[in-house]
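Colleague: Annotation source TrEMBL lists signal peptide at 1-16. The feature active site, charge relay system is assigned by TrEMBL to D176, H217, S391. The feature region 'Disordered' is assigned by TrEMBL to 195-218. Look at TrEMBL and you will find 205-217 tagged as compositional bias 'Basic and acidic residues'. What TrEMBL records for 467-604 is domain 'P/Homo B'.
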Amino acid sequence: MSRIPLFFFLLCLTNAAVDYYKESDGIDFVPEHSNEWVVRIDEGDEVADLVANELGLENRRKIFDNYYLFINPSVPRRSKRATNDFTNLLTKHEKVSWAEQQQSRNRVKRDFIDKRAQEERVYRSVAFSDPKWSKEWYLKDTRPESSSHLPKLDLHVLPAWAAGYTGKGIKVTILDDGLEWNNSDIMANYDPKASYDLNDNDDDPSPRYDPTNENKHGTRCAGEVAMVANNSICGVGIAYNAKIGGIRMLDGHVTDRVEAEAIAFNHKYVDIYSASWGPNDDGRTVEGPGTLASAAFIKGITEGRNGKGVIYVWASGNGGRRQDNCNCDGYTGSIYTISISSASEHQQSPWYAERCPSTMATTYSSGAYKDQKVTTTDLHDSCTDDHTGTSASAPLAAGIFALVLEANPQLTWRDMQHLVAWTSEYAPLADNHGWTTNGAGFKVNSRFGFGLLNAAALTEAARNWVTVPKQSICQIEPTKFTPQRISAARPLEIDFEVKGCEGENNVVRFLEHVQLYVTISYTRRGALKINITSPHGTRTTLLSERDQDTSTDGFKNWSFMSVHNWGENPKGVWTIKIMDATGDMENLGALEDFRLVLHGTSEAPHRMLAGPRVYDENYNTVQNERSEKRQSLESLARQQAMVESNKLASKHDAYGQQDSLDEMNNIPATDSHWFRLLARLNGNWLQ
């Protein structure tokens, strides 16, 4: 093993632009070049028109900022060959600062097909008249009394509702294959201002119908967020009073331009964007946002929500069975997205889930084929309880974040990420391998991030949240770097001292995101494993071995991102270790360049002033508080019911599968009545 001490200088930046390397090794997908060029012209619309006319092009429209969509009618709409001569002609024009021909990008929806029948389970209804409410096990624990020794199995949404948070006033947009907006359980919450069809360029995001129902994905994701409550149709959305929109963008030629327009669509109006797709989860693809999509993310973050930044929620990926790593996905690996993974009803990481340190948190979804799945709206004005994968997890998070923004509309995009770190639950998932406590006291796991989202804790913390200090970005790179050899016989280990830009305007003393940019050449990219260890001893696997990835292309200025050092002080010695995990002595390559980018704050976030996070280790013994509070709650519920209806209530628990206070004689089964009743009983018992 070679151990190389290096001397570095610190380069402090006020802004860091992400330059993603775009590559796809999918043998089943061949990119097609279109007759579209995205052109940057900084002198305005009139000059753009003049340039287009001069070159025989059509200036279709301004995309955003100084980017324009040019159409070349003399070029086929789809071709396997790039028209490089024309691109060169554009880039050499004195009025053009940048131009790129658009090509198709392979984007995969992050659910999976499981046609095996699921056994029916019958649960008692709770509060709502919606027929599938009893199937929404992830919103209220629906297990039988015999499972009361197990930890609570839900996302603590009921207490957030009881506190009055239902998503009212928040706009959520689903970026996907369309939205059946006239579905009976969506229509009342549909928002046309948050919707568009980028595939057909019109205002109607309705999906294209076909015999296979291929384009059901967006409608399913939307229902999880905003199904209308108590209308006797389907189920109940987490943010059932939020407004929901959809961008149809996956059912056609997906290019960098299409993605960018989706990501930045009406960004001064929409609050939350949810995306359950990404590059192919085949275990061999390394790809992220293009130039325009990267600019769109920054636009949403800097201009959205009156400068507070929109919330981007992304599914972490379904490539687990192919040993895929979500840090090879530049969307989930972006500092601007909240990457969401999945846990099954058995509190385990599902077979499809990927591992990487950019994952921030987890919600529930499907597991093994007999496990419960997610209930939501479906095509043809129907309903399903068969939604799956991390595709189902991300919209659940988006719905929860809508509750959080209702609790505090002044939260910034970074505030939301801090709240996730401070409130996500480790204990329900504690039996899974991989948990570690970082130097700031946060528990993290490459499968689950900071843990299971807790809607009650999030909304409660958000109410009095103090905005985090402004973001600082510190970049560390070598003054001179000689490429260093890597092989199975010779792992590479580099120690270097970091001062966190101390003494500069952009000093970082409290970390948020850590990015390691690398350029590596190697004979088999999937053999590589990369670890980084912070001065606090927090060791993070940035990249794990990927068996399917036989590419010889290596990594070119690729960013590996981690949230596992959240809250740590970066000052001290960091260690990077790059090794061949296969032991194949024929593999050979080199680290050609790297740099470390630290995102965080110079001042301590207000929440940290009281000390590190204290975890509730009793979460696993709460047992839904059935055994300790069952009798007292039944008594209180009956007393309250007698006052309101002068009749005895039926003998049932007030929570979990036995939760059926709505069955009390002549008590209306309405959500408002239900939560007024619970609020009177005990403000803390649901937590």
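Every residue gets a Cβ built from N, Cα and C, even glycine.
Worth saying up front: this structure is predicted, and the values here are computed from it rather than measured.
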Colleague: Between the Cα atoms of S391 (active site, charge relay system) and H217 (active site, charge relay system), find the distance and write it as a whole number of Å.
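Modeller: Just about 8 Å between their Cα atoms.
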Colleague: Write out how many residues of the region 'Disordered' (195-218) are helix, how many strand and how many coil, based on DSSP.
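Modeller: Computed counts for the region 'Disordered' (195-218) are 5 helix, 3 strand, 16 coil.
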Colleague: Tell me, how many other CB atoms lie within 10 A of the CB of H217 (active site, charge relay system), whichever protein chain they belong to?
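Modeller: So the number of other Cβ atoms within 10 Å of H217 (active site, charge relay system) is 24.
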Colleague: If you measure H217 (active site, charge relay system) to D176 (active site, charge relay system) at Cα, how many Å is it?
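Modeller: So the Cα of D176 (active site, charge relay system) lies 7 Å away from that of H217 (active site, charge relay system).
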Colleague: Work out, from DSSP, the number of helix, strand and coil residues along the domain 'P/Homo B' (467-604).
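Modeller: Across the domain 'P/Homo B' (467-604), DSSP assigns the residues as follows: 3 helix, 73 strand, 62 coil.
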Colleague: Suppose we draw a 10 Å sphere around the Cβ of D176 (active site, charge relay system). How many other Cβ atoms does it contain, all chains included?
Modeller: 30
